[in-house]
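Features of the protein shown, as given by TrEMBL:
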BINDING   E99, H102, K215, N219, R221, Q233, H248  chlorophyll a 1 binding site
BINDING   R104, L184  chlorophyll b binding site
BINDING   E216  chlorophyll a 5 binding site
Amino acid sequence: MDVAVGKGFQILACSGSSSFIGKTVNKTSLGATNNRFPARTGSAPRYFRTVVRAQERPTWLPGLDPPPYLDGSLAGDFGFDPLGLGEDTETLRWYVQAELVHARFAMAGVAGILVTDLLRVTGISDLPLWYEAGATKFGFASTRTLFIVQLILMGFVETKRYMDFASPGSQAKDGSFFGLEASLEGLEPGYPGGPLLNPLGLAKDIKSAHEWKLKEIKNGRLAMVAMLGFFVQASVTHVGPVDNLVQHLANPWHNTIIQTLAGSGS
């Protein structure tokens, strides 16, 4: 029987009968052995075969072999690609950058929604619901003006990001970013770094900062799932996430996702 886990592994020894004997082992050397145990008097000989297959890294589903193009070198790579979207090398590079950017936007969005919603619920500030904030009118500029300014600024930054993706390191050259190249450092595509975007200097050596990359992408994926939850909550309950939490805590046995979805469908 094949077994695949993380650092430890489990050996299952099976005989000719239907009985199974399990034993947990924490070793790094693995192999397959054939063992013959002496038979008892008056009984037929029994043969035991132990087969152990180890995985060098954890996967999203233990025992499942990851695709060959997901070799574990990418941060957060657990072999998950059921649709085979990353089979092409160049496409995989783009998907990695796209996930990273979406993860960062999601983390910023989740933090912004929770903070503003908390300020609104506690009465500290008279802020609109997060999904109504886009309709807010400002006295210093019209909505059209704000949209055009955002389009220009975001378009410029995204263009520079794509140029760095297409030609890594090109945007760190002198004169390529209004003299801010020294403040960005251009560590590698997706990780500009420098005192502007890495003020604490947590990953100055980006090539060996695998642990920081893994933490970021894990939190980013969690934030993307949280944003999806916020969208569903807003569509069903028409209130913010903090309001939903307060209602649940007030009556945790009757204000749950099950009652909420059942009530919305009736």
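Placed from the backbone N, Cα and C atoms, the Cβ positions cover glycine too.
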Sparsest-packed among the binding-site residues, when each Cβ's other Cβ atoms within 10 Å are tallied, from N219, Q233: N219
Same chain, 6+ residues apart, C-beta under 8 Å of the C-beta of R221 (chlorophyll a 1 binding site), given in sequence order: G76, A103
Cα distance (Å, whole number) from the residue listed as 'chlorophyll a 5 binding site' to H102 (chlorophyll a 1 binding site): 12
Of E99, R104, H248, i.e. the binding-site residues, those within 10 Å of E216 (chlorophyll a 5 binding site) when Cα atoms are compared: R104
CB contacts for R104 (chlorophyll b binding site) [other CB atoms within 10 A, all chains]: 16
Binding-site residues compared (E99, E216) - the one with the fewest other Cβ atoms within 10 Å: E99
Minimum Cα separation from R104 (chlorophyll b binding site), reported as the residue among binding-site residues K215, N219, Q233, H248 that achieves it: N219
Residues satisfying Cβ distance under 8 Å from H248 (chlorophyll a 1 binding site), sequence separation of at least 6: N255, T256
For K215 (chlorophyll a 1 binding site), the number of other Cβ atoms found within 10 Å of its own Cβ: 14
